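J.: Quick paste of what TrEMBL says about this protein:
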| type | residues | note |
| --- | --- | --- |
| DOMAIN | 148-245 | domain 'Mandelate racemase/muconate lactonizing enzyme C-terminal' |
| ACT_SITE | Lys169 | active site, proton acceptor |
| BINDING | Asp196, Glu224, Asp252 | Mg(2+) binding site |
| ACT_SITE | Lys276 | active site, proton acceptor |
Amino acid sequence: MDHIIIRHAHAAVITAPLNTPFRIATGQHDQLENVFFQLKAHDGTCGYGEAAVASHITGETVEQTLANLQKAATQLAGRNGNDPVELIEEFRPLFVGNHAALAAFEMALFDLASRSRGIPFGALFSAAPGCAARPRFQSDITIVIGSLEEAETAARHYAGQGFTAFKIKVGKDHELDLQRVLAVKRIAPDSCLVLDANMGFDATGMRRFLQQLEQHGIRPDLLEQPVPKGDWDGLAAITREFAGSGMLICADESVGSLAAAELAVALKAVNAINIKFMKSGITESVRIAELACRNNIKLMLGAMMESSLAITAAAHFAATLGCFEVIDLDTTFFINGPLSRSPYLDQSGRFDLGAPGPGIGVALKLL
C-alpha cells in the first residue's frame, strides 16, 4: 500500500447560525461554533474532522479544543497516515479530557485514509457482533425545550416533512413538558416517541411524570438520561421498574467512555446506551458498541450540535456497524447554510448510504 504522507494540518473555528436555539434542560446552543480539522497529504488528498463542543454538557471549551488540535497539527507533518489507529493511539494522551478534539482528530485521519484508498468512510469499520450492515435508516427529529406553541409548530412542520420519530426534550418545566408531549402525540399519533430528560428529574419525579403520561395512554419507546449522570441507583431503579414494558431506559450523559459503559453493564443500570463520537471519540465508540452487543444492551447513535461533516461520518458508522435501534442524527436540520447539507440525507431524515463515494463525502476547505 502506498504511503499517505501528511504534509499539512490545520484547525480552525467555524460558526454558523441556527434556525432556532437548541434548548435542553441543562443549557442551549444559540449558534454552531465548532472546531474543524483538515489534513492534506503529499498528493493533495484531504481528510476532514469536526469537534462539536457542548460546554454545558461535557465541560469542554472551544478554546481548549482548538489549542489541542493545533498542537496535534504541528506534530503530524511528515507522518504516515496509512494506519489511522496507530496514530490515534499515539496521540490519545494529548486529548485526555477533550474527547470532542479526539473525535475530530480521528475523523480526519479516517477520512484521509478512506479518501486515499478510494473507499467510503464506513468501509474502515466492521459490523458489530451479531449485526449486519444497514445502509438505509431514518433519524428522529428533536423538539427542543420551549413553549407549547413552539412544540406544536415544530411537530407539524417536521411531520409534514415525513419524520416518523420525535425526540422531545423535557426536564425543565415538568407541567409544561407534559403538555408539550401530549401536543406532539396529538399531531403525530403514530410516531415513535423518545423522551430526553438530560438529567432533569430525580427517580421519583420521573416515575410521576411517566405515570401522568400513562393516564393519557402514552408510553415512550425510549427514555433517555432521566436522572443526573452519577445517579446509578436511580437509573437502575427506573430500569427495573419498567423492565418488560417495551420502553428502553437509555444512558447518555452517564456513559461517556468505555469504562462508564462497563459500569453501566455491571450495575444493570440501563438497557440502552446512547453513543456519540463527541463523548468518547470514534475508536472507543466502536468498543462501546461491541460491549453493548455482547451484553444485549440496545444502542442509540446521537450527536452534539454537529454539522453535516460529523453527522455524515456518524451515518457511515451506523450503516456499517448495523447495531443502532434509534438514530438521532438530526442537528443539520437546525443549522442554516452549507454546513447543513449532506449528500446522503433527505428532508425527512432518511439516510441512504447504499452507494457511497470515497471518504465521508463532505468537505470544508481550511487549507
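Quick reminder: no glycine exception, Cβ is built from N, Cα and C everywhere.
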J.: List the other residues in this chain whose Cβ sits within 8 Å of the Cβ centroid of the Mg(2+) site residues Asp196, Glu224, Asp252, in sequence order.
T.: Lys167, Val194, Leu195, Ala197, Asn198, Leu223, Gln225, Cys250, Glu253, Asn274, Met300, Gly302
J.: Averaged over the domain 'Mandelate racemase/muconate lactonizing enzyme C-terminal' (148-245), what pLDDT does the prediction give?
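T.: Averaged over the domain 'Mandelate racemase/muconate lactonizing enzyme C-terminal' (148-245), per-residue pLDDT gives 97.
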J.: Check the DSSP secondary structure of Lys276 (active site, proton acceptor), expressed as helix, strand or coil.
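T.: Note: Lys276 (active site, proton acceptor) is coil by DSSP, not helix or strand.
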J.: To the nearest Å, how far is the Cα of Asp196 (Mg(2+) binding site) from the Cα of Lys169 (active site, proton acceptor)?
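T.: So the alpha carbons of Asp196 (Mg(2+) binding site) and Lys169 (active site, proton acceptor) sit roughly 5 Å from each other.
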J.: What is the one among the binding-site residues Asp196, Glu224, Asp252 whose Cβ has the most other Cβ atoms less than or equal to 10 Å away?
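T.: Selected residue: Asp196.
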J.: Other than its own, how many Cβ atoms are within 10 Å of the Cβ belonging to Lys169 (active site, proton acceptor)?
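T.: 25, counting other Cβ atoms within 10 Å of Lys169 (active site, proton acceptor).
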J.: Around Lys276 (active site, proton acceptor), which of the listed recorded positions (Lys169, Glu224, Asp252) come within 10 Å, judging by Cα atoms?
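T.: Those close enough are Asp252.
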